[in-house]
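**Student:** So TrEMBL lists the following for this protein:
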type	residues	note
ACT_SITE	117	active site, proton donor
ACT_SITE	188	active site, proton acceptor
BINDING	260, 261, 284	divalent metal cation binding site
DOMAIN	94-275	domain 'Malic enzyme N-terminal'
DOMAIN	285-538	domain 'Malic enzyme NAD-binding'
C-alpha cells in the first residue's frame, strides 16, 4: 500500500529495485514500447531488454545510462536562447520519455522551474494555440454538458489522486486566455510529481472551457477553444456543479481538486461552495497565503518581534491579497489568543480606489468587507504607506512597477529593515525588481518576489532575493492530504504547512538575507510539509488512512515517485 493506491506499478522510491513488466493494455513491445512515454528509455534499454522486447534494429547500437542522457539533454536545453524554446523542448521530452523528464526536473529544479512554470509558462499559455502539438489533459467545454462523467471515463487512468482545474479566466497576471490556460494545470501537475512526489499517472490536468472574453483569441483563426463569450451565472454554475459531482462519483471522496487561475468572483464562491463537501484547495488564495506566511514567520528572525508586533499593508485586494491577509490574522490569533476581528485590524489593504476603509463598506465586494477599518479615506499607495506606517509591504496587485522609488524610500525611512514582498507574476508584472528594492532602500530591505530575480550586488555586498513561490507549499501540502487520506482541507493545515516551511530556513540562509530555503532541497522540504499537514489531518479527525504511520516524514519520503529507470523482465 504505497501513496494510498495499491497498484502503483513500481513508481515510488520504495520499489526502485523491483523488476516490472511494461504493461499498457497488453505487454508493450518493440515499436509501441518506444512510443509509450511511461516505459520508453531510449538508448538506455539494455542488451537483454532489446532482445526480450523486440527492440533490435529499432534503436542505434549504443547504450547510454540515464545520467548520460540527462547530461546530453541539459547541454541541449542550455543552447536555446529563448525560454519558450526550452519550454517546448521540455514538453516534447515529457511526451516522449516521462521518467527522463522528471529526472531532469528533480535534479535541476532551480534552473528548470522558471521554464516549466512562471514566468515561461505564461508566455506558453499566450501562444498555446500555435505551439499546440498533442493535447495534454482533459478539455471539458459547454459542449460536454450532461456528459462530463463519460468524458472523465475517456481518460486512460482510473486511480486519480489530484486534479488541477482552471477555466482560464485569469492566467497569472495575463488575464483571460480561455482554453489556452491548459498550460497552467499541466505545469502545476508536473511540479506535483517533481517536487511532491505524486505519481504522474495519478495527476489529471483539466481545463473547463466556457468561452473567452478575449477579443484577440475570438478573432484568432488558430484559437483552440470555444468561439463565444464567457458563459456566466446559472449556466456556469451548473457546468461546475456537474464537474464536481462527476469527479467525486468517478474518483471517490479523497481526490484533491485544486482550483487554479479562476477570476476573483468565481474563485471565492467555488472555494466557499465546495469546501464543506469536497477535498478542495485554491492555490491562488490558500497556497499563496501559506507560502507568504511562511516567509513572514522566517523573516521575524531577521527583523525581530512577534508577528503580532507588525503592521501589514497590501497593494491588491483580490484572491491573493485577502487570502494572505486572512491567514496572517489567523496565525496572530492562534499565537495571541485574540479574536480574529481584533487581529485583522493590524492589516490594511489598498485596492484600485485607495485604502479600504469603513466609509467605503457599502460599495465593497464581500471578500473585502472584513478589511474595512476606521480611517479617513486615502487615495494612493504612497499616502497609505505614510498614513499607516507599515513594517511589511506586500504586493499582490498583478500590476507591475507600482512599488515606486518614493514608496520604497518611505518604507525605508519608517523601518530599519523594511520587509517588502513583490508577489505578482510573471516578472513583467512584479511590483518592483529586486535591484530596485535593494538600491532604493540602500541595501536594508528584506525582499522576496513571486517570480525569480538574480542576485543583486549593492555596496560590494551580494543580496540573494527569495522567491515566494507557491511551489514550496502545494506539492508537499497535496502529498500530506493524500498520504493521510484526508477528506477535507482545514485552515489549520495551511498554518501547519507555513510553520513547517519556515522551520526549513537555516542560519546560513538568513546570513544571505533569504527568508525561503533554496529549491535544491525541495523534496526534503515537501516531505517535512507533508508530514506536518498529515499530522494535523490526524489530529483534526479528517484522516481516513489508518493506522497512522509512526514516522510521517519517512513515510512521505517512501511514497514519493522515483524517476529512476526500472529494469524490464
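For all residues, glycine too, the Cβ spot is worked out from N, Cα and C.
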**Student:** What are the other residues, in sequence order, whose C-beta lies within 8 angstroms of the center of the C-beta atoms of 260, 261, 284 at the divalent metal cation site?
**Tutor:** 166, 170, 171, 184, 259, 262, 267, 282, 283
**Student:** Quick one: average pLDDT across the domain 'Malic enzyme NAD-binding' (285-538), no decimals.
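**Tutor:** For the domain 'Malic enzyme NAD-binding' (285-538), the model's average pLDDT rounds to 96.
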**Student:** If you skip the near sequence neighbours and keep only those at least six away, which residues in the chain come within under 8 angstroms of residue 260 (divalent metal cation binding site), Cβ to Cβ?
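**Tutor:** Those within reach of residue 260 (divalent metal cation binding site), by Cβ under 8 Å and sequence separation of 6 or more, are 164, 165, 166, 184, 185, 188, 282, 283, 284.
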**Student:** Given a separation of at least six residues and a C-beta threshold under 8 Å, show me what packs close to residue 261 (divalent metal cation binding site) in the same chain.
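**Tutor:** Spatial neighbours, sequence-distant, of residue 261 (divalent metal cation binding site): 166, 167, 168, 169, 170, 171, 172, 181, 184, 284.
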